[in-house]
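Asks: If you look up TrEMBL, you'll see 21-116 marked as domain 'Immunoglobulin'.
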Amino acid sequence: QTIAHLWVIWGDLSTWRKPYDDPDVGTVGDSVQFLVSTDSHNGFLFISWTVNGSTILTFDGTNIITAPVYNERINFDITTGSLELKNLTLHDSGTYQLQIVAAGEPQVQEVILNVLGELQHKLNNIKFLK
């Protein structure tokens, strides 16, 4: 299972730096967790998850609306905004964007996910001995 971290920081983002510059890598058939770290304890007014501009899920503070193609493939943590995507396919590769509103201005973060076939994943992890 792959874990991708998104850090949602409230306040001034002018000095914010993405902690992971390299894309996260998953394998076909596995799961990926997009973990969100926030300091919001009062709940969220709005959460949106998209991939390559297409909506995966929206939460309006009351209702969760999931795109039909993701039914049975995602778990959403309403308290943190974290998302798990199960049974990865090659089509799940892309730029995942989280928009989250707790109070004030929306915060937006992105992470890139590359999904590899099983053989590609094994070839990427080969270590050559001297």
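From the backbone N, Cα and C atoms, a Cβ is placed for every residue, glycine too.
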Asks: Mean pLDDT across the domain 'Immunoglobulin' (21-116), rounded to an integer, is what?
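Replies: Here the mean pLDDT over the domain 'Immunoglobulin' (21-116) amounts to 87.
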Asks: Looking only at the domain 'Immunoglobulin' (21-116), how are its residues distributed among DSSP helix, strand and coil?
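Replies: Per DSSP, the residues of the domain 'Immunoglobulin' (21-116) fall into 6 helix, 49 strand, 41 coil.
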